Amino acid sequence: MGLRASSELVALSPLNAWWLTLAAAFLLSLMLQLLPPGLLPSNALFQDLIRYGKTKLEAPLRPAYFQSFDVPKRYFVHFYVISVLWNGFLLWCLTQSLFLGAPFPYWLHTVLRILGAAHFQGGELALSAFLVLVFLWLHSLRRLFECLYVSVFSNAMIHVVHYCFGIIYYILIGLTVLSQLPMDGRNVYVRGKNLFMQARWFHILGMMMFIWSSAHQYKCHVILGSLRKNKAGVVIHCKHRIPFGDWFEYVSSPNYLAELMIYISMSVTFGFHNFTWWLVVTYVFFSQALSALLTHRFYKSKFVSYPKHRKAFLPFLF
Ligand SMILES: NC(=O)c1ccc[n+]([C@@H]2O[C@H](COP(=O)([O-])OP(=O)(O)OC[C@H]3O[C@@H](n4cnc5c(N)ncnc54)[C@H](OP(=O)(O)O)[C@@H]3O)[C@@H](O)[C@H]2O)c1
């Protein structure tokens, strides 16, 4: 893996460069947040860009005109609509290619080449990328369901940059999966010719991890939703309360932890060695750790009775 990773760093594809830049940007933001309060840069724009939802409510020094860039956080649902449609389309193209021998559309093949797909020819099992795309699509579908029927949104906001980023993110993430496929021209190359003969132990492990993490993320979103409903399931307020139960007993943002586990499960499904996907995981790690840290601080400043043993993101550690 080390050799492969270093050779890919030398020929950094546009996709790898994108995920590496994102990971570095969120690492830097996280490190700045970990500085002692006196040393923390008080740049209002920086604070406005890294905070969203409830943590935006306590952003220091927020000029009034920043509100013109606010977009309702309930628009998160748009990300998942786009992801279900776009990644569903990519999955359909891949299925057609794998099972009916239909080549990828010319424009899609060109986009993948531009993004750096050629760097990965021959390396990956087609079944791994197929399963990861299925997981990604199922994840988006569940998140769409949660946004529509489980979560109760308040009037919390996100920055318009964040909104645009979310849309680009779900378009690029599916292309990242496809770019890992071994290609023979515009056709997917299936080593051994029979896709299911490629099944390996890490596919089973990845699938089990994916189901387990998804189930916990769903449970956590149900818990958050229930904080704003009465016993009959009717929404009674939109305030932020202290969540209890499931992984909330260990960390303040178990839904972010589950998100990380979901992306790690995809790395497992790729057989542990896919450098590009580890870059994606690194980005998810730092972005979710940053949000979890801000969320943890929000809870601690708002609730004096906040459980002392609870960590922000990683049980017992951070
Ligand atoms: N892969 C990525 O790059 C990425 C990026 C961002 C998010 N995500 C994932 O998307 C999911 C949702 O993210 P999120 O940031 O929206 O999560 P979140 O802040 O925990 O919010 C989830 C839902 O619970 C509500 N809520 C949050 N805290 C609450 C509290 N204390 N009391 C009552 N209700 C509360 C929120 O309402 P309001 O916020 O409207 O008040 C929202 O409806 C997460 O699983 C996250 O991992 C992924």
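Each residue's number is its place along the chain shown, starting with 1.
Heads up, the Cβ atoms here are built off N, Cα and C, so glycines get one too.
Annotated in TrEMBL:
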- 12-35: transmembrane segment (TRANSMEM)
- 75-102: transmembrane segment (TRANSMEM)
- 114-138: transmembrane segment (TRANSMEM)
- 158-178: transmembrane segment (TRANSMEM)
- 199-218: transmembrane segment (TRANSMEM)
- 200-318: domain '3-oxo-5-alpha-steroid 4-dehydrogenase C-terminal' (DOMAIN)
- 275-294: transmembrane segment (TRANSMEM)
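Remote same-chain partners of the transmembrane segment (275-294), defined as residues 6 or more beyond its termini with a Cβ less than 8 Å from a stretch Cβ, comprise 1, 4-5, 8, 13, 15-16, 19-20, 22-23, 26-27, 29-30, 33-34, 50-52, 55, 120, 132, 173, 176, 179-180, 251-253, 256-257, 259-260, 263-264, 266-267, 312-313, 318. Residues of the same chain lying 6 or more positions beyond the ends of the transmembrane segment (75-102) and with a Cβ under 8 Å from any Cβ of it are 108, 126, 129-130, 133-134, 136-137, 140-141, 143-144, 147-148, 153, 158, 163, 166-167, 169-171, 173-175, 177-178, 181, 187-188, 190, 195.
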